[in-house]
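As listed in TrEMBL for this protein:
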DOMAIN    68-190  domain 'Type II secretion system protein GspF'
TRANSMEM  166-189  transmembrane segment
TRANSMEM  220-238  transmembrane segment
DOMAIN    257-352  domain 'Type II secretion system protein GspF'
TRANSMEM  333-354  transmembrane segment
Amino acid sequence: MKTFQYKVRDRQGTASSGVLDAVDDKQAANVLRSKGLLITALYESDQLNLEAFMGRFSKPKVEEITNFTRQMATMIGSGLPLIEALKILKNQAGTSLKPVIDKILTEVEGGSTLGDAVANSGGGFSSVYVAMIRAGESAGVLDQVMGKLADTLDKQREFKSKTKGAMVYPIIISVAMVVIAGIMMVFVVPKLTAMYKDFGAELPGPTKALMAVSDFAVNYWYAVLLVVAVCMFFFSNWSKTEVGGLIMEQLTFKIPSKVYSSGIRQAAVYVEKGISLAEAITRLEMFPPILSQMISVGEETGKLDSVLSKLAVFYESESETKIKALTTAIEPLIMILMGIGVGFLVIAVIMPIYNLTSQF
């Protein structure tokens, strides 16, 4: 006999938990279901081995979720029962994904839908992912929906990879500039300052400014760190407020977005009142005019799904174009800033030396 821990809900929705002894997990599940209980979690008490322990502290990677989704689509499309597909994928999964699939499998075996099981799995699945799974189950096209989800996840991963790759060069140059400036301020400029004082040379304005900054950085570095830490603390708290969060989302634009979520909910209210989707989108200022125009065409022709797919491709292409334009503009801007910085350092360091040599 093995000991199992469980979490269940009764017919009134009241949650409870406990332990029971059974030969295997199937017998344990049958015992609980025979009492009219809905199983939300079921696992052996001694399952906290190293693999499971590590899995609890690591979320599945996007690649793992993408592969899981695509394999599920293939298996379900081939006619394999959902529970069997989950069991196969559980045996193949890595350390971080296996506990997630195990939770999904347990809930599905307990009578939950796949959408509810995924939502309760704690595997980092987005709300859009869960909603699509539920829609696929309701429409009876789960395999097709999961296939499209896998394609979408692949495109998102590729887009993020391109964005990160495009920012590597500017980040390296920026970090190098900061490091070089720091070395100059902390080690080089103080020695030059001492030398200039020994000669009693008259220092030009740029040199005085550089020496003042260097002196402050060397003698009051803790104050600099304290100011930076305080600013980061207040900025972090401000960005978590409702106003700060909305402003940051408008500046950074990330998905999911509270701004666009609010707009879509408002569009749903309009549609429930009998207004067309195109008209509902038109009334919301955050959406561009082309979106409502294309949706209107889709509604009139009865091909709204096709039109929305084309719009998605269009905006993906537009996003990639803007990323390329941004990175193309950043590189010369960084070079200009670096040139200005280097020029200032050269003037601040060389001019006093030139003045000294001209005195002899």
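Glycine too: its Cβ is placed from the backbone N, Cα and C atoms.
Could you tell me the structural context for the features on the list?
In terms of DSSP helix, strand and coil, the domain 'Type II secretion system protein GspF' (68-190) has 101 helix, 0 strand, 22 coil.
With a threshold of 8 Å between CB atoms, the same-chain residues lying at least 6 positions outside the transmembrane segment (220-238) that come near it are 244.
The domain 'Type II secretion system protein GspF' (257-352): residue composition by secondary structure is 83 helix, 0 strand, 13 coil, according to DSSP.
Note on the transmembrane segment (333-354): residues 170, 173-174, 177, 181, 184, 188-189, 192, 196, 201, 203-204, 206-207, 209-210 of its chain, located 6 or more positions outside it, place their CB under 8 angstroms from a CB of the stretch.
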Could you pull out which residues elsewhere in the chain have a CB under 8 Å from any CB of the transmembrane segment (166-189), counting only those six or more residues past its ends?
210-211, 213-214, 217-218, 323-324, 326-327, 330-331, 334-335, 337-338, 341, 345, 349
